[in-house]
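Okay, structure first, notes after.
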Amino acid sequence: MNLRRILAFAPLLALLAAPICAHAAGSGFDAEQATRAWLDTIPPEARARSNAYYEGGYWLQLADLMYGLVLAWLFLRGGLSARLRNLSERLTRRTALQNMAYAVQYLVLAALLTLPLNWYEGYWREHAYGMSNQGALDWAFDQLKGLLVSILFLAPAVAAIWAAIRRAPKTWWLWGSGIATVFLMIGIVIGPVFIAPLFNDYKPLAAGPIRDDILSLARANQVPATEVYEFDASRQTKRISANVSGFLGTERISLNDNLLKRTSPAEIRAVMGHEIGHYALNHIYKHLLAFTVLTVIGFALARWMMDRLIARFGTAWGLRGIGDVAALPLLFAVFSVLGFVGTPINNTIIRTAEFEADLYGLNAAREPDGFAQVAVQLAEYRKMEPAAWEEFIFYDHPSGRTRIRTAMQWKAEHLNDTQRTQ
Ligand SMILES: [Zn+2]
């Protein structure tokens, strides 16, 4: 379950990220010039490459939507969905079990049909840009595990939502959003303990000066040592990254091995400061709250659209009404359209939290140059200098330029700190 993908609608509260104006702190250090100097450390070929990679991603979002809609059409107009429903009715007489059986068949078939696109995006393209470490078989096995996890979550969720539709044909959208939120919460709670370890090996940080450094920063910010892990992301990718996951007691910060191997101690401290920021600012709780609002709005819109579409096309698609689980591909199609339209809202909510974590991290780790250096390293897979509209629509993190400028501004305002803290 990916919170980022599910979040689709919310108030535009997140546009408030403060604009940054650079000015020298009377020392000859100019934040704007320093930002430019960092950006210019990226060779033009590398820049062109990451621009192409990242901009290709914009089109892939559209391709994903179109592909999904064609599949939905195949399931509905092509009669595949009604056939799967009939098959599940032959398997068992209990409606809840029928609906679950339908969902399992649908998810397996949909996964097979989207395999070519997934392979292109997740395997071929990653290799073409030199970002993957994974062999084809290993990749396929990860896909299979992902499918099993999604079946485990979605089959009971679908059965629960359709039980709500049958029992409360007018208010099912409210129940449906409640059910979706509960399943998401379960996913976040058990994610770090049961799901992430299916794909990677998580262990406490290896002993050494880096570990001492990281744990010192953690202690200074009230993060217990037992909640900092490292994991072997290099199994799949060359990317450097870190994350905060978990909820209600399973919270943890995880740093990937690429980060630990490929970056300097100052960079690692800068990243750790950022992750601690997510932790300290309760971003998981805030995102969940935003998600709940978005889900309610999404389900309300979905109900409105589903009612109209089924009234108009239901018979042609072999659907017996909204209470028929064979309408599931329609629900997914409606959600993918809403999610697509809501992309800027979703990204802006996440990006704003990321900006907050950047600021927290600069104050906690006090490594503006390490932070700028990491931003440069992240340019491998993110366009560094997008137009403002691009950053607003497509970026779920501040752009590299924004991040470096934030760090240099911070540096400009803290040039005399050493004297003050001693
Ligand atoms: Zn972050």
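Each Cβ is built from the backbone N, Cα and C atoms, and glycine gets one as well.
A TrEMBL annotation is a machine prediction, not a hand-curated record.
Among the features that TrEMBL reports, domain 'CAAX prenyl protease 1 N-terminal' is placed at 40-200. Annotated domain 'Peptidase M48' per TrEMBL: 208-410, in sequence order. Here TrEMBL flags 1-24 as signal peptide. What TrEMBL lists as transmembrane segment is 58-80, 101-120, 147-165, 172-195, 284-305, 317-341.
When the stretches 101-120, 147-165, 172-195, 317-341 are ranked by Cβ pairs under 8 Å to the transmembrane segment (284-305), first place goes to 172-195. Note on the transmembrane segment (317-341): residues 5-6, 8-9, 61-62, 64-65, 68-69, 71-72, 75-77, 79, 81-82, 84-85, 88, 98-99, 102-103, 106, 110, 158, 162, 165-166, 169, 172, 298, 301-302, 305-307, 309-310 of its chain, located 6 or more positions outside it, place their CB under 8 angstroms from a CB of the stretch. If one looks beyond the transmembrane segment (101-120) by at least 6 residues along the same chain, the residues whose Cβ comes under 8 Å of a Cβ in the stretch are 63-64, 67-68, 71, 74-75, 80-81, 84-85, 87-88, 91-92, 143, 147, 150-151, 154-155, 158-159, 325-326, 328-329. Across the residues of the domain 'CAAX prenyl protease 1 N-terminal' (40-200), the predicted structure has a mean pLDDT of 94.
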